[in-house]
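Heads up, the thing below is written out as structure tokens.
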Amino acid sequence: MFVYGWMIFIAPLLGFVFSLVIGKFYRKWSGAVASFFIFLALVFAILSYFQVLKGPIYNSYHWFYNIDYGIYIDNLAITMAIMVSFVSLMIHLFAIYYMKDDPNKHVYFAETSLFTAGMLGLVISSNLVLLFLFWELVGLCSYLLIGFWFFKPNATAAAKKAFIVTRVGDLSFIIGMSILYYSLVNVTGDPLSIPYLISHASLIASQIGKVRLGIIAIFILGAAIGKSAQFPLHVWIPDAMEGPTTVSALIHAATMVTAGVYLVARLYQVFLYAAPFAMYAVAIIGSFTALYAGILGLVVNDVKRILAYSTISQLGYRLIYCTLCRHPWPGG
């Protein structure tokens with residue numbers, strides 16, 4: 001049986017290449033080309049959904065040492081993949097009109113295609129190392145897109161701010177992943193495999209101790225705080241509105257800022273079987289951010305900043321939701 005899941009992120013990658021190459025000579029077609037490949041990603045996501053109905057898709061290959069690369073698509077991943085590809089398609093279609101007079105629109109559509117590919121790859125990765133690579137790709141593309149109108153000083157400053165602030169969370173991700181790897185270095189197979197972490201979280205907690213697993217979970221939460229703009233790393237997202245409006249929609253609606261919450265949901269079993277302070281930290285950060293950002297949204301006058309703080313607040317609620325279920329999620 002052909003695994004459609006691989007094409008979910010490969011299609012936007014092809015869109016990145018073709019938008020850049022074709023757009024170099026026929027710029028008016030760059031938006032249509034990018035939209036077509038995003039549409040293909042949506043089609044492959046829907047086809048994968050019907051495969052997931054029969055059970056999770058896990059397809060991996062050996063990479064280096066005891067690390068594998070591949071895709072893991074379950075209920076959570078396919079729901080996210082369909083949402084990301086659909087919203088990205090709508091934004092791309094609108095951007096054809098919105099960016100019609102921009103001389104560098106072929107570069108814009110290439111970057112948004114790469115951005116979407118990074119997010120979709122992040123969602124369906126079967127391994128934390130591969131997930132982290134796509135995580136970084138999303139961060140790089142957000143820097144390029146926020147600063148797309150580089151001739152505006154505010155846009156370049158906002159792009160640098162977003163890139164630097166989110167790197168703090170990325171460092172936390174690396175530390176947490178490193179501790180987890182060296183704690184499970186004697187495990188047969190891939191210790192950073194997401195299916196392994198999900199299905200053996202209880203066993204891992206008994207092997208390395210709930211406190212150490214809780215510390216790992218805190219570092220993973222740090223990564224989510226940076227990417228999902230939670231307090232105190234929320235400061236980059238209001239300024240991210242300096243980019244094109246369609247970029248703001250892409251970042252805020254379905255891609256970058258939801259990646260952090262998705263990471264917590266993806267590794268929910270790790271938080272569940274870790275020491276209780278890990279789950280308490282998720283609840284406290286989410287609750288405070290939801291209230292704090294909501295209050296800030298009441299006192300700003302700029303509509304875009306109001307939307308930014310509203311986004312931060314809603315992401316806080318999503319983190320809270322992750323703490324409400326005290327039982328493992330069957331099938332993701």
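Each residue's number is its place along the chain shown, starting with 1.
Backbone N, Cα and C define each Cβ position, glycine as well.
As annotated by TrEMBL, transmembrane segment applies to 6-26, 33-52, 72-95, 107-124, 130-151, 163-184, 204-226, 247-265, 277-300. Summarising the annotation, TrEMBL assigns domain 'NADH-Ubiquinone oxidoreductase (complex I) chain 5 N-terminal' to 65-109. Here TrEMBL flags 125-323 as domain 'NADH:quinone oxidoreductase/Mrp antiporter transmembrane'.
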Exercise. Would the transmembrane segment (204-226) and the transmembrane segment (33-52) count as touching if the test is at least 3 Cβ pairs under 8 Å, pairs 6 or more apart?
Worked result: no
Exercise. Using DSSP, how many residues in the domain 'NADH-Ubiquinone oxidoreductase (complex I) chain 5 N-terminal' (65-109) fall into helix, strand and coil?
Worked result: 29 helix, 7 strand, 9 coil
For this session: State, in range form, which of 33-52, 72-95, 107-124, 130-151, 247-265 has the highest count of Cβ pairs under 8 Å to the transmembrane segment (163-184).
Result: 130-151
Exercise. In the same chain, who gets a Cβ under 8 Å from the domain 'NADH-Ubiquinone oxidoreductase (complex I) chain 5 N-terminal' (65-109) while lying at least 6 residues past its ends?
Worked result: 3, 5-6, 8, 12, 15, 19-20, 22-24, 27-28, 30-35, 38-39, 41-42, 45-46, 48-49, 51-52, 56-59, 116, 119-120, 123-127, 129-130, 145, 148, 187, 189-195, 244-246, 249-250, 253-255, 258, 262, 265-266, 329, 331-332
Problem set entry | Among the ranges 6-26, 33-52, 130-151, 277-300, the one whose Cβ pairs under 8 Å to the transmembrane segment (247-265) are most numerous | 130-151
Problem set entry | Tertiary contacts of the transmembrane segment (130-151), as residues 6+ beyond its ends and Cβ separation under 8 Å | 9, 69-70, 104, 107-108, 111-112, 114-115, 117-119, 121-122, 158-160, 162-163, 166-167, 170, 173-174, 177, 194, 223, 227, 240, 242-244, 247, 250-251, 255-256, 259, 263
Exercise. So which residues does the transmembrane segment (33-52) touch in its own chain, when a touch means Cβ under 8 Å and the partner is 6 or more beyond its ends?
Worked result: 1, 3-5, 7-9, 11-12, 14-16, 18-19, 22-23, 73-75, 78, 81-82, 85-86, 88-89, 92-93, 96, 109-110, 112-113, 116-117, 120
For this session: Go through the chain and flag residues at least 6 beyond the ends of the transmembrane segment (6-26) whose CB is under 8 A from any CB in it; none is fine as an answer.
Result: 33-34, 36-38, 40-41, 44-45, 48, 59, 71, 81, 85, 88, 105-107, 109-111, 113-114, 116-118, 120-121, 124, 134
Exercise. Taking all residues of the domain 'NADH-Ubiquinone oxidoreductase (complex I) chain 5 N-terminal' (65-109) together, what is their mean pLDDT?
Worked result: 92
